[in-house]
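**Q** Can you read through this structure? Questions will come right after.
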Amino acid sequence: MNEPYTMLEKDESRSTLAFVAWHSLFWLVVANGIGVWLALLLLAPDAGRMMGAWSYGRWMPVHLNLQLYGWMSLPLVGWLMKLYRADHEPFARWSRAAIHLWSLTLLLGSLDWLNGHSSGKLFLDWTGWLRVLFPAMICFLWLVLAAAWQGSRRAALRTTGLANAARGMGLLLLLLVPVALYIACSPALYPPVNPDSGGPTGASQLESSLVIVLILFLLPYGIARRKNTGRGAIRLSWLIFIVEALLCLGLGRADVSHHRPVQFLSLASLLVWVPLIPLYFRAFQWPANTRMWRVSVLVWWALLVPSGWALFLPGILDRLKFTDGLVGHSLLAMAGFVTSLLVLLLVALLNSETLDSEVSDHPLHRVFAARWAFLLWQGATLAYVVIMLYAGWIEGAYPAWTMVPSSARNTLYAVRLLLGLAMTLASANWLWRLTRAMWTRTSLFPRKEITPDAFVCETPRPEQQVHA
């Protein structure tokens, strides 16, 4: 369960988590801006001359890696800080130092990729000394989390033995991340390949999808409160997850074609998660202001899983491989589902002390509340996905369609550019609102809360208890 905080501790935690959120949104805006530049180069390649050697091919890994290691990773880092109480002093300052190092490493990595140093492996472009620096930075973050966990245990905070054991096991698993990243970045190591598409096999798709399901399982802990009802849905979900994990192990890791029925039929087992994930989420009581984003997550999830399976089927994948169609589906996954999930997480982290039934006017609680920015992002993402799937379907039949300029192709790519600008505007709005809230001192440290009572640890009411 979550431990009761004093008022000052809440402000302290809020400040640290807002700091993490700011860095994640900063990299989202930067990566989106680079995406707009790439879309412009597809329409006007001559514009790239002003960048010299920093060509389209060098900007692409920067765009992709900043999205993954900047925007998509830092909210999860914030969640870990919350879970292990690293958002409180004396560990909060070390947590902020770890975030500074994380962003510095991304900056150095970006310069390295722009100068042509890359392994050529998607999302695994860390080479040379950066291949050591980035895992080392993750190890530093791990030490901060471990120290905070030990500190909370010594303070005898109110947590169950099971919760402590789970957090300890989580730390052991997290220690494998930098090791796995270092090994995976080796240019001599490659994952199994589908020989008929050049992409992942059905087994590897199932494996990576189950990792996402596991994240969805763990995410509510630390930011939401488990209800007394709905335990059956949680048990059923974990049981099915274990069965599918065993199926994944049974399929093995080998180069296998998507034309083999066992590959696309085993991948179809993911369809069960379309109704199960909403049931699982309903077993928790979420913080205020998250409903809009929870609905968004579930809608994108309901689109992502069936469409991902359909695109893997023989005939469809054969036509869409190496086309803009897969770009469109990747955007559905990342800009649609994953971004909605991460914003949901950030809203919960910045709003974790209030429930659905409570109303708060705290500035940090309104960072993602602008409905126009929400609709702009979601609408632009959906339109982007549709036009890229359409372009990919044409490209599959006429490979030269996207390479040879034409009025139809240029119109489609111009719309793509405008949609990218719209998404960048929405993300810039979130960053601006968060920056403004953080610069308002009273938003992070309300003077009205700092009273003698604020230094007294509150005893939570029974309904405030959070089950681990």
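Each residue, glycine too, has its Cβ placed from N, Cα and C.
Since the structure is predicted, the reported quantities are computational estimates derived from the model, not experimental observations.
Pulled from TrEMBL, these are the listed features:
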TRANSMEM  20-44  transmembrane segment
TRANSMEM  64-85  transmembrane segment
TRANSMEM  128-149  transmembrane segment
TRANSMEM  170-190  transmembrane segment
TRANSMEM  202-224  transmembrane segment
TRANSMEM  236-256  transmembrane segment
TRANSMEM  262-281  transmembrane segment
TRANSMEM  293-312  transmembrane segment
TRANSMEM  332-351  transmembrane segment
TRANSMEM  372-393  transmembrane segment
TRANSMEM  413-432  transmembrane segment
**Q** Under 8 Å between C-beta atoms and at least six residues away from its ends: which parts of the chain pack against the transmembrane segment (332-351)?
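**A** Residues packing against the transmembrane segment (332-351) from afar: 14, 17-18, 20-21, 24, 28, 67, 71-72, 75-76, 78-79, 82, 216, 219, 223-224, 286-290, 293-294, 296-297, 300-301, 303-304, 307-308, 360, 362, 364-365, 367-368, 377-378, 381-382, 384-385, 423, 430.
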**Q** Considering only the recorded stretches 128-149, 202-224, 236-256, state which has the highest number of Cβ pairs under 8 Å to the transmembrane segment (170-190).
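**A** Selected stretch: 128-149, with the most Cβ pairs under 8 Å.
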**Q** Please report, as numbers and ranges, the same-chain residues at least 6 past the borders of the transmembrane segment (413-432) whose CB is under 8 Å from any CB of it.
**A** 22, 25-26, 28-29, 32-33, 35-36, 39-40, 42-43, 335, 343, 367-368, 370, 373-374, 376-377, 379-381, 383-384, 387-388
**Q** Six or more residues out from either end of the transmembrane segment (64-85), which same-chain residues have a Cβ under 8 Å from its Cβ atoms?
**A** 3, 13, 16-17, 20-21, 23-28, 30-31, 34, 91, 95, 98-99, 102-103, 106, 109-110, 113, 122-123, 125, 134, 141, 145-146, 148-149, 151-152, 157, 167, 170-171, 174, 215, 219, 221-223, 334, 338-339, 342, 345-346, 349, 352
